[in-house]
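Written below as C-alpha cells is the structure these notes are about.
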Amino acid sequence: MGCAYSKTCIGQICATKENSIRQTHQQAPSRGGTRATAAAAAVEEDNPVFNFSSDAVDDVDNDEIHQLGLSRDQEWGITRLSRVSSQFLPPDGSRVVKVPSCNYELRCSFLSQRGYYPDALDKANQDSFAIHTPFGSNSDDHFFGVFDGHGEFGAQCSQFVKRRLCENLLRHGRFRVDPAEACNSAFLTTNSQLHADLVDDSMSGTTAITVMVRGRTIYVANAGDSRAVLAEKRDGDLVAVDLSIDQTPFRPDELERVKLCGARVLTLDQIEGLKNPDVQCWGTEEDDDGDPPRLWVPNGMYPGTAFTRSIGDSIAETIGVVANPEIAVVELTPDNPFFVVASDGVFEFISSQTVVDMVAKHKDPRDACAAIVAESYRLWLQYETRTDDITIIVVHIDGLKDDAPRQLSSTGTQLQPPIPQVVELTGSESPSTFGWNSKNQRVRHDLSRARIRAIENSLENGHAWVPPSPAHRKTWEEEAHIERVLRDHFLFRKLTDSQCQVLLDCMQRLEANPGDIVVKQGGEGDCFYVVGSGEFEVLATQDGKNGEVPRILQRYTAEKQSSFGELALMHNKPLQASVRAVDHGTLWALKREDFRGILMSEFSNLASLKLLRSVDLLSRLTILQLSHVAESLSEACFSDGQTIVTKDQKLQGLYVIQKGRVKISFCTEVLESQNVSSLTTGITNEYDNLEIGTEVSIEKHEGSYFGEWALLGELKDSLSVVAVGEVVCVVLTKENFESAVGPLTNISDDGPKTRHSSFELSKESAKVTDTTALAKATLADLEWTTCLSTTDCSEIGLVHLKDKENLLSLKRFSKQKVKKLGKEAQVLKERNLMKNVIKPSAIVPEILCTCVDQTFAAILLNTTLACPISSLLHSPLDESSVRFITGSLVSAIEDIHKNEILFRGSSPELLMLDQSGYLQIVDFRFAKKLSGERTFTICGNADYLAPEIVQGKGHGYAADWWALGVLIYYMLEGEMPFGSWRESELDTFQKIAKGQLTFPRVLSSEAEDLITKLLEVDENLRFGSQGGPESIKKHPWFNGLKWEAISNREFQVPQEIISRIHHHLENDNVLPLETSKSLDTTEDQDAQNWLEEW
C-alpha cells in the first residue's frame, strides 16, 4: 500500500493528494504553447549574459547572448533558457558576472565527468547541470543547478528536469516577491510534467540541488542527496556550512516519514537474509561498506532507492519519495568567499569540509573543480570497482561589502504551509543548527565488497594490470623534467612514490613535426601529454558574428612546464580544442588505460598485500584489514653494508624485503619464542643441536620478512641486521598496525598448518559408518580445527573427535548472536527441516547429532567439507565441471521439492563442496515448507531472485529453477546475467523483470538454450515448471551425465573441480575463528527456552 499523501507529505504537515494535484495542474503550463509564447516574448537588449548547460543540443555559441525583456504573461526569458552557450571558458578557466545592486562579482567554473562503469563503458553521463547568469530579466538573479539522474532513463530525466525546472521557476507568479515559494512550486510542477511526459519515469528520475542568487541572498532548494556547501571564515579558519542535508534513510525524520508512507527500509544484506530485517543495522561505525538503507515497496524487490526525495520515480513516490524540496535562505556576508554545488559522486568519499579546503587552495575555480573531480575519481577507484558520475560547480564571491543592501528583513520572509521546509539564516548560522536535526552522513572510508572481490581475484589469479615496457629509456634529465611537471599537478598529487615511478615508466615518447595535429577539436582523446621540447599552440574554432573564427587560445612549451589532456585520462568527452606543433618537438604521453590501471590495480598496494599475506602472523586478516595495514606501511632504503638494527637496539616493527637481501645475526635463545617463524624457517638442520647462547647468522632475500614479533609487543635484543647490497624494505610498526586494525592477539599454531594437514587427512577419510557412537556426542568431545564459511550468526568448520582422526563438519550457531538478531525461530526452522523433513542423500549429508553448550548450538554432519563453490569461482569453470555441479543440484532440488520444500538457496556462497569434489547442501536458512500455496516472503541472495519475487507477486517452486539458471550462467560466464544489485540495483531490477539476457562469452548452443529456458520470465513457461525436473534432466546439455552414478557418489568428479579445491586448500587463508573467549558466556534463560527443542 502507498501513502495517499505521499506527494506532499513533508514532516508533520500534509495536504490531501487531491489538493496537491489540483494545485499542480493549475500551475502547469500548456505543453504546446510554451515555445511559441516564449519566442513571441523575446526582446533583445544589450546586456551580455552567460548561460551554460550540460547539453549542447541546439546550443548557440556566441559571446553576446542577449537577455530578454519582461512580458506581462510571465513568459520572459524562457526561450533563452533553451539557447545555452557551448563556448569555451576563457583562458583563466572561469566566468565573471556582476551583481550590480550589491556591487560584487560571481566567478564560476564547472566540470562534469561521466562515470567509469567496467560493464558499460559507453554508459551516458546521467548528471546534468545548468548555469544561467543572469537568470531572467533581473541582472541581480543568477541560477546554478546540478541534477543527478538514476535508473534506465536517468539521463533523459535529468535533462528534462534541468530545462523544465528553470522554465517553471521563471513562470511562477510569485517569483519576484517570494522566490522560496516559487522554488517549491517549480519542483512540484516539474515533477508532474515528468510524470506526464513520454520519458518513462516509473523506475527512473533525478535528484536536484539548485542555488539561486538574488542580490546578497541565496535560495537553496534540494530534493535528493546532492549537496550545496558555503564556505565561511570563522576565527581564522575556513569552515564548511552545509546548505542542504542529504535526504536519505540515514536521517531519522526522513526514515520515519517514508515508513509512514508504506516503505520498507532495508539494506541489501537484510534483503538477502544476511542480517536481521527487523533490526536497524545502519548508521554505526561498523557499517561502512557501501550497503546503505534503501526503500522497497511492501511486497516487492523494487525500487531500491537510497534517497527519500527526487523528481520522477513515480513508483517510489507511492512510498514517500517525494519531489518537495527543502529550501534554505541564506544572506551572504564578506566572510563567505565561495560556495559549491555538486552531485553525490563528489561527497561519497569526500566531506564538505574537505571540499571547502580543496577549493581554498586554488585561485581559479576551474582548477578547484578539476582537483575535486580528480580526487573523487581516485577515491572511487580505491574503494569501488567503478566510479559514479561526478559534477561540480564552484562559485567565488568577490568584492561583497558589509554595506551592500540587504534584502531580508530582520524577521525573514514568513512562509505558510504547505511550504514548511524553509530555513532562513543570516550570518553564520548553518541549517544544522537552525532547526535541522540531521547532519550529512560521514564519508565512506572502507572498500566495497565488489572492490574486495576484485583485489582477491588479483591476488589469486595474477590478473592485475601490468605496465607496458617502455619503448624509450628516459635519461635522468627527462625523468626530472616530467617529475617537475607532475609534482604539483592535482591529478597525480596523491600517488605513492612507487606509483609515480610506474607512471614514469608508462609515459611514451612522441616526436612532432611542425604543423602536426596532436589532438583534434571534436575528437576523442585518451592521452595526457607533457611537453618535453618545442612549442605547441592550442587552437579552437568558435562561432563569431561573421561565422566560424579560428583562435589561438594558448601556447605550451617545455620551459613553462606545460602539460595538457588531463581530463582525457578520466573520460572520452569530445575535445574542446586542437593542439598543433609550431616547430619540431617532443611529447611524453600517458594513456588513459595505463593511468586507470595504476589507480585501479593499486600497483604498489597490490604488491604490498601479497607481501603481507605471506606473513604467517597476518595470515588470518581479511582483505579489508590487509588493505588498511598496507596503507600504514612506510618505505626504508639501505645501502650495502649499512646496519639496519644493532644488537643493543630492539626491532620496532615488521620488515618485509622488497629488494635485495639482508644478513641477520642472533643468539639461539631468541628461537625459544613462538613468534619468530621468520627466523626458524632460515635455520638448517646443522643448527638444531646448538647450545643456547650460540650465535647464528642467516640471510633473508627479496619477499622474505623479519621482526613480526614486534607487532605483538615482544622486544628482542641480541639481534643485528645488515644490508647486503642495495636493500629496500617496507616497515610496519606496532603503533601503525594497531591504528589500522587494532591489537594483534597471539595466534597459535593451529592455523594454516592445520588447514593443510586436514586436507591430507581428507584423502583417506570417508563418511563415518558407525554413527551410533556419535549420536550422543557433545561439543566438549569435538575439537574445532578449521573455519570454512561464516554467516551473521553461524559458522561451518571441520572438527574431529579428540581421540579420532576422522574429520567431520560442524555447523554451529552463536547463541548470543542468534538472540541479538532475533533469529531463534529461523534457526529452529532450519534445524527441524534438516533433521526431521529432508532425507539424507549423497548431496544432503546425514545429521549425526545436535548438541549445545554454553556458547553454541550445533549440528554435526557426516561429511568432510572443503569450501563454498564461490571459493572456486575466481574465473569461470569449464562446461563439464558446471554440468556436474548442476546435475547434482538438480537431483537435490528434485528431492527437496518432493518433500514440499521451497529451497531458495542456489547461490555459490551457500552451496558447499566436500573434499572429494561432491556438492553438499548444508544451508537451509531460506527454505520453506509449502502446502500448495504461494509464498510472499522475500528472502534469498538478491542476485538470484526470480521476477515474480522482485515484483512481489508471490512465488513457488519455479523460483528455484530460475535461481538454477542464474547459477549456471554465473559459473560459466563469471558474471551475473542481469548485473549486480550492489552496483546498479535499479537497472538489475528492470533487467530481471524483463528477462534481458546476453551471453558475453561463447558457450555451447546447448548451454545457452538451457539457461534461456530456465531464465524465462513467465514462471508457467519456465523450464522445470512444465514437465518437472525430468524435463531438465532430459535436456541435451546433460547428455552423457549418469544421474544414478551421481546419486550413488560413483560419478568421476571433473579434474578441474579437484584441482581448484586442492589450490584453495593449499593457498587460501582460513577465516577468522569465533571463539568462546570473544562471546558473552553468561547463561540466558530465554536462550534456554528456545533451545529446549534442539
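Each Cβ is built from the backbone N, Cα and C atoms, and glycine gets one as well.
Annotation source Swiss-Prot lists domain 'PPM-type phosphatase' at 107-397.
The DSSP secondary structure for GLY149 (Mn(2+) 1 binding site) is strand. Residues or ranges marked as Mn(2+) 1 binding site by Swiss-Prot on the basis of similarity to another entry: ASP148, GLY149.
Residues near ASP344 (Mn(2+) 2 binding site) in space but far in sequence (CB under 8 A, at least 6 apart, same chain), listed by position: ASP148, THR207, GLY224, ASP225, SER226, ARG227, ASP246, ASP388. If you look up Swiss-Prot, you'll see ASP148, ASP344, ASP388 marked as Mn(2+) 2 binding site.
In the three-state DSSP reading, LEU587 (nucleoside 3',5'-cyclic phosphate 1 binding site) counts as strand. The nucleoside 3',5'-cyclic phosphate 1 binding site annotation in Swiss-Prot covers 491-616.
What Swiss-Prot lists as nucleoside 3',5'-cyclic phosphate 2 binding site is 617-758. For PRO743 (nucleoside 3',5'-cyclic phosphate 2 binding site), no same-chain residue that is 6 or more apart in sequence has a Cβ closer than 8 Å to its Cβ.
What Swiss-Prot lists as domain 'Protein kinase' is 785-1038, and the listing cites sequence analysis.
Within the same chain, residues at least six positions away from VAL799 (ATP binding site) with a Cβ under 8 Å of its Cβ are LEU782, GLU783, TRP784, THR785, LEU807, LEU808, SER809, LEU810, LEU860. As annotated by Swiss-Prot, ATP binding site applies to THR791, ASP792, CYS793, SER794, GLU795, ILE796, GLY797, LEU798, VAL799, LYS811.
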DSSP three-state assignment (helix, strand or coil) for ASP344 (Mn(2+) 2 binding site): helix
Rounded to the nearest Å - Cα separation of MET507 (nucleoside 3',5'-cyclic phosphate 1 binding site) and GLU635 (nucleoside 3',5'-cyclic phosphate 2 binding site): 24
Residue, out of the binding-site residues LEU617, LEU671, whose Cβ gathers the largest set of other Cβ atoms within 10 Å: LEU617
Pairwise Cα distance for LEU671 (nucleoside 3',5'-cyclic phosphate 2 binding site)/GLY797 (ATP binding site) [Å, integer]: 32
Other residues, Cβ within 8 Å of ASP148, ASP344, ASP388 Cβ centroid (Mn(2+) 2 site): ASP127, THR207, ASP225, SER226, SER343, GLY345, VAL346, GLU348, ASP389, ILE390, THR391
Top Cα neighbour of LEU539 (nucleoside 3',5'-cyclic phosphate 1 binding site) in the set of binding-site residues LEU617, GLY653, GLY707, GLY725, GLU795: GLY725
Sparsest-packed among the binding-site residues, when each Cβ's other Cβ atoms within 10 Å are tallied, from MET507, LEU539, LEU587: LEU539
Assigned element (helix, strand, coil) containing GLY653 (nucleoside 3',5'-cyclic phosphate 2 binding site), judged by DSSP: strand
Conformational class of GLU635 (nucleoside 3',5'-cyclic phosphate 2 binding site) under the three-state DSSP mapping: strand
Assigned element (helix, strand, coil) containing GLY797 (ATP binding site), judged by DSSP: strand
Maximum Cα-Cα separation (Å), residues THR791, ASP792, CYS793, SER794, GLU795, ILE796, GLY797, LEU798, VAL799, LYS811 listed as binding ATP: 21
Pairwise Cα distance for GLY797 (ATP binding site)/GLY523 (nucleoside 3',5'-cyclic phosphate 1 binding site) [Å, integer]: 58
